[in-house]
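Annotation source TrEMBL lists signal peptide at F:1-19. The disulfide bond annotation in TrEMBL covers F:C26-F:C41. Here TrEMBL flags F:55-202 as domain 'Cupin type-1'. Taken from TrEMBL, the feature Mn(2+) binding site applies to F:H103, F:H105, F:E110, F:H150. Annotation comment: TrEMBL describes F:H105, F:E110 as oxalate binding site.
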6 protein chains.
Amino acid sequence: MISPICLFVFSFIFSCSYASHVQDFCVADYAAPQGPAGYSCKDPAKVTVDDFVHSGLGVPANTSNRYKFGFTSAFSFNFSGLNGLGVSLGRTDVEVGGVVPIHSHPGATELVVIEEGSSIIGGFIASNNKVYQKPLNKGDTMVLPQGLYHFFVNQGKTPAIIYAAFSSESPTVQLLDTSLFKNGLASVIIAKTTLLDVAQVHKIKKLFGGTN
Amino acid sequence: MISPICLFVFSFIFSCSYASHVQDFCVADYAAPQGPAGYSCKDPAKVTVDDFVHSGLGVPANTSNRYKFGFTSAFSFNFSGLNGLGVSLGRTDVEVGGVVPIHSHPGATELVVIEEGSSIIGGFIASNNKVYQKPLNKGDTMVLPQGLYHFFVNQGKTPAIIYAAFSSESPTVQLLDTSLFKNGLASVIIAKTTLLDVAQVHKIKKLFGGTN
Amino acid sequence: MISPICLFVFSFIFSCSYASHVQDFCVADYAAPQGPAGYSCKDPAKVTVDDFVHSGLGVPANTSNRYKFGFTSAFSFNFSGLNGLGVSLGRTDVEVGGVVPIHSHPGATELVVIEEGSSIIGGFIASNNKVYQKPLNKGDTMVLPQGLYHFFVNQGKTPAIIYAAFSSESPTVQLLDTSLFKNGLASVIIAKTTLLDVAQVHKIKKLFGGTN
Amino acid sequence: MISPICLFVFSFIFSCSYASHVQDFCVADYAAPQGPAGYSCKDPAKVTVDDFVHSGLGVPANTSNRYKFGFTSAFSFNFSGLNGLGVSLGRTDVEVGGVVPIHSHPGATELVVIEEGSSIIGGFIASNNKVYQKPLNKGDTMVLPQGLYHFFVNQGKTPAIIYAAFSSESPTVQLLDTSLFKNGLASVIIAKTTLLDVAQVHKIKKLFGGTN
Amino acid sequence: MISPICLFVFSFIFSCSYASHVQDFCVADYAAPQGPAGYSCKDPAKVTVDDFVHSGLGVPANTSNRYKFGFTSAFSFNFSGLNGLGVSLGRTDVEVGGVVPIHSHPGATELVVIEEGSSIIGGFIASNNKVYQKPLNKGDTMVLPQGLYHFFVNQGKTPAIIYAAFSSESPTVQLLDTSLFKNGLASVIIAKTTLLDVAQVHKIKKLFGGTN
Amino acid sequence: MISPICLFVFSFIFSCSYASHVQDFCVADYAAPQGPAGYSCKDPAKVTVDDFVHSGLGVPANTSNRYKFGFTSAFSFNFSGLNGLGVSLGRTDVEVGGVVPIHSHPGATELVVIEEGSSIIGGFIASNNKVYQKPLNKGDTMVLPQGLYHFFVNQGKTPAIIYAAFSSESPTVQLLDTSLFKNGLASVIIAKTTLLDVAQVHKIKKLFGGTN
């Protein structure tokens with residue numbers, strides 16, 4: 001136990017020597033150890049407003065892929081000020097006719113708002129296999145409860161921009177396709193545990209460079 | 001203890017009688033008791049996709065007030081699907097020259113993204129009185145750590161639209177002005193506990209209909 | 001505020017009138033409202049030891065299905081004493097050559113121990129698509145981090161019995177196959193968001209009674 | 001989903017019809033169902049300042065018992081405003097030569113401050129059996145980490161008054177003596193699971209009215 | 001994975017080599033990295049009872065300031081044993097006629113008990129602007145829900161001593177006055193976001209050495 | 001703030017340079033600092049499937065002690081993959097006529113399943129001194145709510161094997177006997193705070209090597 005003589009009243013009339021006890025935030029220090037609750041905190045004396053501001057969501061993501069969609073994240077791994085604060089943002093761009101492939105966020109709920117576009121089908125599948133889906137238009141919001149499969153289909157006539165808020169500062173993304181097909185998981189195991197035909201598995205593995 | 005004989009394997013090959021044990025979500029039943037963790041859950045059999053979709057953020061909020069700003073919320077009290085999921089959204093409109101008055105969200109972090117506008121000063125004040133502020137432009141995000149005072153000033157040439165994500169499905173908002181001046185808190189107490197002049201207190205109370 | 005005169009010292013020397021303030025547990029009252037944190041609590045006066053004991057994991061689950069596996073749960077929906085306590089158990093039986101199909105538990109970590117069997121491949125897929133898999137034998141434990149896809153394949157010569165502990169009293173289970181194929185999600189949407197061939201989708205939908 | 005038209009800006013300039021969405025607190029409604037997170041919330045319209053104020057800690061607790069100590073609680077079961085807020089208070093009185101018997105608080109940390117008295121030994125036992133103890137005097141604080149056995153011995157020349165803060169609004173108290181001896185737990189089981197002599201068990205059971 | 005052969009039964013009959021796995025507490029090591037959940041843990045072998053005991057709340061805080069109040073904290077930054085345990089204490093002294101200025105604790109609930117004094121008005125303001133206030137006397141407790149503005153006014157005839165428990169081991173304090181006036185936040189911005197007159201802002205800034 | 005240009009879409013079509021942002025798990029790095037939320041995370045690039053698999057629960061624990069029981073743990077201190085995931089497992093062996101001595105787990109709920117054996121009395125004591133006990137047989141499960149005293153007595157004709165799941169990855173164990181008798185806590189203090197006779201205290205201290 002250290003000897004505390006820095007009384008509160010001093011902290012607002014005089015200056016106080018406990019510079020490091022500001023606990024309002026814990027800006028990520030990417031060079032220090034990480035723990036289950038997030039990154040270590042940067043020395044508060046070195047924190048600047050730039051730790052709390054992030055640019056990048058104003059630019060469309062690259063959509064030149066099979067699904068015609070792209071995603072840009074503002075998560076704690078690239079936005080240091082979010083560390084430990086339990087919220088993050090992302091931007092999804094979906095071309096006309098494009099989709100956001102089926103995926104889930106283990107342990108995070110997603111809440112989207114349609115920023116541009118119309119007739120964008122948003123959908124998720126509950127654990128009892130029931131599908132909840134609806135066409136969304138500009139200004140609509142939809143919640144995708146944590147850990148459940150969801151997807152979007154842009155059936156409108158213009159590209160879609162979707163902002164997504166997450167209930168975690170470091171949500172992860174598990175894509176059905178890349179989880180199954182972009183690695184070395186044996187095709188026979190995939191086939192047995194999904195009932196997909198081996199030929200189908202091989203075909204999609206080729207698209208993603210999967211092996212075995 | 002009830003006698004469980006509804007085995008998992010049945011739940012996807014046959015139908016199962018435990019209709020109510022879907023725990024993926026807890027849509028708010030506004031008519032049932034509320035607890036510290038949120039609203040009671042609506043009967044899952046009555047839940048529809050409309051519980052997970054909310055419209056309203058596409059429309060500008062009324063900004064005809066002193067500050068020239070307006071706010072529209074998609075919180076669990078008006079968006080039933082958010083109940084218990086730890087995230088919510090809001091939309092703030094700020095006219096040219098307008099401001100978002102100083103306020104805080106007890107227990108929730110806010111993460112904004114500038115959807116329209118430029119030269120919008122975003123700022124917050126840490127508990128050691130240090131101010132973190134910066135002009136924000138379209139696509140910029142800024143995090144306002146939980147419980148701290150913050151504000152926005154639209155110094156740009158166009159109206160601003162700001163989306164805000166919160167780390168709670170039911171964030172509350174404590175505005176400095178209305179907390180002090182839009183109630184019956186005695187002016188002499190306000191003066192003593194804030195060092196404001198009594199005349200100043202009376203003047204602003206008049207604007208908000210405060211008494212005493 | 002009620003007038004409290006039930007002092008602590010009385011509670012162990014005399015009897016006390018606040019019968020309902022036992023907070024050690026909150027046994028589920030299935031007839032009362034449910035909230036985000038779980039079921040309402042049964043009146044403590046009506047709680048018996050049977051609320052804390054559950055039978056059923058001693059009996060093999062029915063494995064007469066395509067995957068040759070079965071699952072029996074001891075979750076809060078069928079084991080009232082678990083309500084609010086953050087842990088539950090299940091038993092999985094897998095025939096020789098059988099599998100546990102790919103699935104995930106939104107928001108719950110699973111920790112298994114092999115109770116009978118050998119050469120049982122346990123595997124999970126991280127969100128960066130990396131596969132972690134290994135043959136497990138009697139007495140081995142494996143952890144499947146929350147929300148990630150996982151599966152088991154019984155490559156041994158005897159039926160397997162696997163006990164699974166969960167970091168939630170009410171874990172849900174999202175199966176890839178039934179999520180995609182045991183409902184009315186349009187085949188064309190499935191095809192676009194998973195890259196599966198429509199013919200493949202139709203073929204598996206038939207197995208589960210899926211439509212569209 | 002209900003149709004929300006109650007915009008934020010109205011809430012501080014005009015009155016708004018969503019009277020019940022104040023989420024700053026959840027005062028206990030003792031007549032409604034209780035859940036794992038606490039009591040149901042009282043209708044905010046019926047909440048008064050008296051829900052947030054509690055009297056009773058100013059009065060010494062009855063200490064006429066074997067240990068010469070008494071305890072008065074301000075917990076959520078008798079102080080409605082604490083519901084869901086994660087903190088509570090108690091007052092312990094210990095006569096000269098008296099003790100607070102060995103006990104623990106399942107799931108709550110206790111933090112005491114000596115309000116009157118001197119030479120009061122405070123002690124707790126860690127799970128590796130190490131004892132942490134020290135004489136405490138007026139103004140000293142000591143923390144008793146959650147769930148661990150602890151005790152106090154008043155070796156001073158004046159009665160002691162100890163205030164205790166808890167990291168839970170509804171801490172429970174498990175006393176070693178009454179847990180073992182003030183019920184019908186078979187003496188032979190107590191003896192086998194504690195190594196106490198049966199005669200000793202019988203002797204103390206008599207003090208507390210225990211049976212078997 | 002390390003090879004564990006330290007069985008539980010050994011841990012209480014023989015000594016065991018896993019000295020560092022005591023998880024009962026995590027005493028702060030102020031020299032190691034800090035994370036969102038608190039300080040790193042001190043080596044358990046170096047922890048002593050002095051880490052769990054803190055002196056300092058027995059001494060009146062310096063009250064020679066404008067408000068005639070002082071505050072002494074026993075928080076995790078100066079009381080290492082509190083780290084990670086979710087509770088802390090403070091002592092407030094208020095001279096006759098003095099006040100505790102309006103402030104809030106972002107993310108922590110405060111629960112006070114009047115240890116000396118009478119006719120001390122305690123008050124807080126809810127987010128719907130409603131004021132809850134009441135005169136408090138010795139032995140009274142009052143809860144100030146997390147993040148809300150609160151204040152005290154000593155209208156009695158003797159100095160007041162108030163103990164405060166917090167639902168966090170590291171509560172922060174945001175004072176209205178110093179947040180607005182003891183930094184370089186532009187007076188014109190303060191004026192626009194609070195409706196205070198610029199002259200008033202300048203006047204109070206002078207008291208605190210604020211600039212701009 | 002670092003400049004993020006690693007867009008999501010790249011992460012599954014190309015490789016991406018942010019190797020360390022996998023947040024699915026936080027495998028313990030025993031050499032780095034520990035915090036209140038657990039161990040620091042091992043570099044994800046060095047994590048292998050062996051971090052998620054643990055062997056040792058297949059082997060009976062040593063039961064050659066007074067109680068005729070043994071315990072083997074798979075907790076985060078010896079099973080690195082469990083770090084931060086909120087669940088763990090243990091195996092208890094109890095000889096015929098043996099017992100699991102009275103103990104509690106501060107802050108963790110235990111959920112057992114009888115894997116071998118019959119007529120095993122499982123029991124726990126609530127904080128109001130009520131005993132909940134029942135004979136358990138193979139396949140039965142029983143929940144022991146967090147922090148409460150519990151015990152097992154093998155009254156069957158065969159050795160018992162009990163698997164236990166915990167609602168924490170690092171549960172601690174506080175044994176009544178070793179807490180009181182396997183250290184230097186003064187016998188007179190034990191006697192006063194438990195009402196045990198000093199002679200009884202001395203007698204059991206001898207068994208455990210306790211002093212004073």
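Cβ coordinates come from backbone N, Cα and C, glycine included.
Heads up, TrEMBL stuff is auto-annotated, nobody curated it.
All features noted in TrEMBL, drawn onto the structure.
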residue: F:C26; record: disulfide bond; Cβ contacts under 8 Å, 6 or more apart: F:G38, F:Y39, F:S40, F:C41, F:K42, F:N83, F:G84
residue: F:H103; record: Mn(2+) binding site; Cβ contacts under 8 Å, 6 or more apart: F:Y149, F:H150, F:F151, F:V173, F:Q174, F:L175, F:L176
residue: F:H105; record: Mn(2+) binding site; Cβ contacts under 8 Å, 6 or more apart: F:L144, F:Q146, F:G147, F:F166, F:S168, F:P171, F:T172, F:V173, F:Q174
residue: F:E110; record: Mn(2+) binding site; Cβ contacts under 8 Å, 6 or more apart: F:V143, F:L144, F:H150, F:A164, F:A165, F:F166, F:S167, F:P171
Recorded positions (F:C41, F:H103, F:H105, F:H150) in Cβ proximity to chain B, threshold under 8 Å: none
For F:H150 (Mn(2+) binding site): DSSP state (helix, strand, coil): strand
DSSP three-state assignment for F:H105 (Mn(2+) binding site): coil
Average model confidence [pLDDT] within the domain 'Cupin type-1' (F:55-202): 96
Residues from the recorded positions F:C26, F:C41, F:H103 that lie close to chain A, Cβ under 8 Å, in sequence order: F:C26, F:C41
Least Cβ-crowded entry, counting other Cβ within 10 Å, from the recorded positions listed as F:C41, F:H150: F:H150
Residues in the domain 'Cupin type-1' (F:55-202) grouped by DSSP into helix, strand and remaining coil: 22 helix, 56 strand, 70 coil
For the Mn(2+) site built from F:H103, F:H105, F:E110, F:H150, further residues of that chain with CB within 8 A of the site's CB center: F:S104, F:A108, F:F124, F:L144, F:L148, F:Y149, F:V173
